[in-house]
Amino acid sequence: MANYADFQIGLYLAGLGGELPAYPLTFAGLEAAAQAKMEHRLWDYVAGGAGDEHTQRANVAAFERWGILPRMLSGAAERDLSVELFGHRLPAPVLMAPIGVLGVMTDDGHGDLAAAAASASSGIPMIASTLMQDPLEEVAAALGDTPGFFQLYTPNDREVAESLVRRAEAAGFRGIVVTLDTWTLGFRPRDLQHATFPQLRGACLANYFSDPVFRSRLAASPEDDPGAATLHWAMTFGNPTLTWDDLAWLRDLTDLPLLLKGIGHPDDVRRAKDEGVDGIYCSNHGGRQAASAPALELLPAVVDAADGLPVLFDSGVRSGADVIKALALGATAVGIGRPYGYGAVLGGTAGIEFVLSCLLAEADLTMGLNGYAGIAELTREVLLRC
Ligand SMILES: Cc1cc2nc3c(=O)[nH]c(=O)nc-3n(C[C@H](O)[C@H](O)[C@H](O)COP(=O)(O)O)c2cc1C
C-alpha cells in the first residue's frame with residue numbers, strides 16, 4: 001500500500017541538506033513557471049479555452065464551494081487509496097487525462113513518452129490521446145506494468161477509426177475512451193487571435209501518419225508531402241454526423257472496456273448504458289469545448305444514472321483536496337489534466353512524477369486529517385456546501 005503522505009517528509013528532510021523542491025508545489029506556481037518557459041502560442045493553446053474562459057474558471061470554483069467534514073479520533077493514520085477499475089487494482093484513484101499536445105510540451109519533443117514513463121514509475125494510468133507525437137505502439141511499450149487507456153477521436157473515416165482501435169488493442173492498451181465533445185473545435189479566442197492550431201502545423205499527428213489505412217488515403221506519403229497529409233487529417237478529424245445510432249458500431253469495434261468521455265446529462269448516461277458501454281467519463285474538456293458547460297455540478301446525477309457503472313471525472317482538478325471531493329461526489333477515479341501537463345513542460349518525466357506525488361500526498365493527507373481511512377468512506381455525506 002503506497003504511503004503517499006511521506007512525500008512531504010522527504011521534501012522537509014531534503015531541506016535539512018539545503019535542497020529545495022525542484023518544481024512549484026501549487027497549481028498557481030506550476031502555471032506561472034510553465035508560462036514563463038513556453039512559447040507563447042503553445043502556452044495559450046494549453047492554458048486557454050472556449051469563449052471568455054469563464055467555463056474553465058467555473059470548473060475550479062466549483063470545487064471551492066465544497067468543504068470536507070472533519071472526523072477526529074477515527075483511526076485514519078493508515079490510509080488505503082487504491083481502487084479497482086476494469087479488473088485492475090490501481091494504487092490511487094487518479095489517471096492522467098488525455099492531452100493531445102503533450103508531445104510538443106517537453107524539451108525533447110517526446111512528451112507522450114515522458115508521460116508513459118511517469119505512468120510506469122508511479123502506477124498512475126495514462127490515457128493516451130489520439131493526438132500524439134510518438135505512435136501509440138511506442139507509448140504503450142513505455143507504460144511498463146501500468147495499465148494504459150487509449151483515447152479515440154473518431155474520424156469521419158470509419159476504417160481509420162477501426163484501424164486505430166485495432167492498433168491500440170494490439171499494443172496492449174486496456175480500454176478505449178471515446179471523446180464525444182470534440183466533433184468540431186470549440187471557439188477559442190486565444191488560438192484564433194494567433195490564427196494557429198498546433199496540429200494544423202503537423203504537430204502530434206504520429207498516430208495518423210503511421211496508420212496504414214490513413215496512409216492508404218493519401219496520394220503521397222506524409223514523409224513526401226506532409227502538407228497534404230495534414231490537410232487530409234484536418235478534413236477527416238471531426239465527425240459531426242456521429243450520433244447514438246453509431247454507438248452499436250463503436251461498441252462492436254472492441255471487446256476492451258469502452259468509455260464515453262464528455263458525458264454530462266443523466267439521460268445520455270442511461271442511453272450509453274443501454275448501448276453496452278463499460279464506463280462514463282464526465283468532463284467538459286477543461287472548458288475548452290462547449291462554453292458554459294458545467295462539470296462538477298453534473299457529477300452526482302451522472303453517478304446516480306450510471307447506477308454502478310464506473311464514472312471517471314475531470315475538469316478543474318487542481319489539488320489533492322479536489323480529488324477527494326470528486327470521489328465523495330461519486331467518481332470512481334479522477335482525471336488530472338493541465339497540472340501534469342505543466343509538470344511535463346517543466347521537467348518531462350520527473351516534472352510529471354513530482355506533480356502526481358504532490359497531488360497524491362495532499363489527497364492522502366486530506367483524507368487522513370479529516371478522519372477517513374479508505375475511499376469507501378468518501379460519500380456525499382462527508383461534504384458540506386460552503
Ligand atoms: C492542451 C490540452 C489538450 C487536450 N487534448 C485532449 C485530447 O486530445 N483528448 C481528449 O479527450 N481530451 C483532451 N483534453 C481535455 C483533457 O483530457 C481534460 O478533459 C481536461 O484537461 C480537464 O480540464 P483541466 O485540465 O482544466 O483539469 C485536452 C486538454 C488540454 C488542456
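Including glycine, each Cβ sits where the backbone N, Cα and C put it.
According to TrEMBL, the protein has these features:
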- HIS285: active site, proton acceptor (ACT_SITE)
- TYR45, TYR153, ARG188, HIS285, ARG288: glyoxylate binding site (BINDING)
- 98-100, SER129, GLN151, THR179, LYS261, SER283, 314-318, 337-338: FMN binding site (BINDING)
- 19-386: domain 'FMN hydroxy acid dehydrogenase' (DOMAIN)
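TrEMBL feature annotations superimposed on the structure.
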{"residue": "TYR45", "record": "glyoxylate binding site", "DSSP class": "helix"}
{"residue": "PRO98", "record": "FMN binding site", "DSSP class": "coil"}
{"residue": "GLN151", "record": "FMN binding site", "DSSP class": "strand"}
{"residue": "ARG188", "record": "glyoxylate binding site", "DSSP class": "coil"}
{"residue": "LYS261", "record": "FMN binding site", "DSSP class": "strand"}
{"residue": "ASP314", "record": "FMN binding site", "DSSP class": "coil"}
{"residue": "ARG338", "record": "FMN binding site", "DSSP class": "helix"}
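Taking every pair among TYR45, TYR153, ARG188, HIS285, ARG288, the residues recorded as binding glyoxylate, the greatest CA to CA distance is 19 Å. Listed recorded positions: ARG188, LYS261, HIS285, ARG288, ARG338. The one with the lowest count of other Cβ atoms within 10 Å of its Cβ is ARG188.
Looking only at the recorded positions LYS261, HIS285, ARG318, ARG338, the one with its C-alpha closest to TYR45 (glyoxylate binding site) is ARG338. The DSSP secondary structure for HIS285 (active site, proton acceptor) is helix. Comparing ARG188 (glyoxylate binding site) with PRO98 (FMN binding site), their Cα atoms are 19 Å apart once rounded. Straight-line distance linking the Cα atoms of ARG318 (FMN binding site) and the residue listed as 'active site, proton acceptor', rounded to a whole number, equals 14 Å. Local packing around the Cβ, expressed as the count of other Cβ atoms within 10 angstroms, is greatest for TYR45 among the binding-site residues TYR45, TYR153.
Within the group of binding-site residues (PRO98, GLY100, GLY316), the Cβ with the highest number of other Cβ atoms inside 10 Å belongs to PRO98. When the Cα atoms are compared, ARG288 (glyoxylate binding site) and GLY316 (FMN binding site) turn out to be 12 Å apart. Within 10 Å of HIS285 (active site, proton acceptor), counting CA to CA, the binding-site residues GLY100, GLN151, ARG338 contribute nothing. Per-residue pLDDT, averaged along the domain 'FMN hydroxy acid dehydrogenase' (19-386), amounts to 98 for this model. The Cβ of ASP314 (FMN binding site) has 28 neighbouring Cβ atoms from other residues within 10 Å, across all protein chains displayed. TYR153 (glyoxylate binding site) is 11 Å away from PRO98 (FMN binding site) when you measure Cα to Cα.
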